[in-house]
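Below is one structure, written out as structure tokens; the observations come after it.
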Amino acid sequence: QVVNYAPFTLLPSVVPSALFEQAYAVQQDFNLLVDAISQNKEFLEHTLASTIKVDDFTAQLFRIHMQVLEEGLAQSVFLGINRSDYMFDCGVDGTPALKQIEINTIAASFGGLTSRTAAVHGRVLKVLGKPKEASHLLPNNPSRGLALGIAKAWELYGSESAVVMFLVEEIQRNIFDQRCVENELWNRNIRVIRKRFRDVFEKGSLDDAKRLYMDGQEVAVVYYREGYVPKNYDQQNWEARLLLERSRAVKCPDIATQLAGTKKVQQELSRPGMLERLLPGRAEAVARIRATFAGLYSLDMGEEGDKIAARAIADPDRFVLKPQREGGGNNLYGEELRQVLEKIRDSPERTSYILMDKIKPQPARNYLLRAHSPLQVSDCISELGIFGVYVRQGKEMVMNKAAGHLLRTKAIEHADGGVAAGVAVLDTPYLV
């Protein structure tokens with residue numbers, strides 16, 4: 001029951017403007033790609049075949065996906081809110097390159113709080129007597145962009161009395177981030193309710209037309225800010241999730257889009273020819289997407305996987321080992337990576353992970369402001385996220401845009417973890 005300020009850097013961090021522009025330019029392509037994957041049953045089935053044998057969480061999501069497809073989709077409007085995250089890799093020659101870390105297709109957070117961060121840094125720079133530098137900071141309002149997507153989906157659903165339901169966790173540390181988006185919806189006279197899985201299990205129902213009702217109110221859009229890690233689910237919550245997925249309501253994301261964000265899909269996309277299959281006739285989009293990929297390797301059973309596992313065990317500092325999880329703080333590095341891989345190298349369990357080249361960014365110095373922490377200068381690295389929003393009705397793409405950015409910065413001694421995991425802090429790009 002305590003309110004703390006969100007952690008942030010004292011000063012904005014330098015970002016190369018060419019890489020910043022590249023990240024924005026490719027976001028609509030990534031929106032199209034995620035949407036194409038979500039509609040491709042065969043691709044998801046083939047890609048996740050080995051993972052669902054060893055990862056119960058992904059398997060359960062996949063079972064619901066198949067059940068809903070068999071019954072026939074009641075949903076005709078699709079809303080995607082994703083965030084594509086990048087780091088700046090300083091290669092052998094020291095020239096920074098934009099490399100994608102991951103794409104988050106469910107509960108992509110900090111669109112709200114980052115809408116306020118540029119103003120904080122602008123004030124700090126003015127206090128330091130640097131008004132000219134303060135005027136260089138770009139305005140940034142993802143909460144408005146995300147709300148525009150939700151509002152469009154609500155409008156296309158076609159019932160003025162229906163509400164938008166934010167599906168939230170039992171204990172909500174990051175509530176103000178969500179409130180920023182919520183307030184944008186109220187300002188458009190769209191009613192918002194906040195419910196947990198437990199409420200859906202106890203009070204949710206579908207009518208004959210598969211319209212979703214909560215407490216007698218029709219729900220047009222379900223915006224998930226929960227449901228992305230195994231601990232979010234017990235048997236009741238899985239039943240609630242199935243009820244939501246079977247409904248006509250616009251889910252953000254629907255379960256196929258959540259599956260499109262798994263690490264295994266990310267690794268499969270890096271195989272030669274795969275992007276061309278998913279985005280036929282879009283050679284330029286494919287080239288823009290591929291330019292952001294870091295090296296990704298499959299640990300599937302067989303000779304290829306054996307070789308990759310052996311290489312990573314021999315040189316663990318070159319790689320990152322990633323499980324099929326969202327939310328930060330799950331990746332393995334260095335000695336820990338080597339120990340885990342040695343333990344599972346001959347077991348099918350290794351197929352629930354992917355291996356990725358470790359990105360080596362150039363550190364910079366900054367102060368990280370955190371409640372109850374001493375203020376000290378740290379060597380830091382940053383991660384840039386671009387928010388994407390798209391709305392599709394039937395086969396027609398009605399909206400497809402980049403909706404703003406997020407810069408998160410952490411001290412270099414922390415290998416993994418975001419703001420919610422207590423490691424990174426909010427930042428503003430200063431373009432150079």
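Cβ coordinates are placed from backbone N, Cα and C, and glycine is handled just like the others.
What TrEMBL records for Arg83, 106-109, 172-174, Gln178, 225-228, Arg408, 419-420 is substrate binding site. Annotation source TrEMBL lists Mg(2+) binding site at Glu102, Asn104, Glu326. Sequence annotations record features per position, and here TrEMBL assigns ATP binding site to Glu102, Lys263, 322-331, Tyr333, 356-359, Glu383, Lys410, Asp416. As annotated by TrEMBL, domain 'Glutathione synthase substrate-binding' applies to 162-260.
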Summarise the model's confidence over the domain 'Glutathione synthase substrate-binding' (162-260) as a mean pLDDT value.
97
C-beta crowding around Asn104 (Mg(2+) binding site), within 10 angstroms:
22
CA-CA within 10 A of Val419 (substrate binding site), subset of binding-site residues Asn104, Lys358, Lys410 in residue order, equals Lys410
Between Pro323 (ATP binding site) and Glu226 (substrate binding site), find the distance joining the two CA atoms and give it rounded to the nearest Å.
18
When you rank Tyr333, Lys358, Lys410 by Cα distance to Ala107 (substrate binding site), which of the binding-site residues ends up on top as the closest?
Lys410
Here's one to test understanding: among the binding-site residues Arg173, Glu226, Tyr333, Lys410, whose C-alpha is closest in space to the C-alpha of Asn104 (Mg(2+) binding site)?
Glu226
Give me the Cα-Cα distance between Ser109 (substrate binding site) and Lys410 (ATP binding site), rounded to a whole Å.
17
Whole-number Å only: compute the distance from the Cα of Tyr333 (ATP binding site) to the Cα of Gln178 (substrate binding site).
32
Just how many other Cβ atoms lie inside 10 Å of the Cβ on Arg173 (substrate binding site)?
12
CB contacts under 8 angstroms to Glu102 (Mg(2+) binding site), restricted to the same chain and 6+ apart in sequence, sorted by sequence, are Ser84, Asp85, Gly261, Lys263, Gln266, Lys322
Distance [Cα-Cα, Å, rounded] between Arg173 (substrate binding site) and Lys410 (ATP binding site):
20
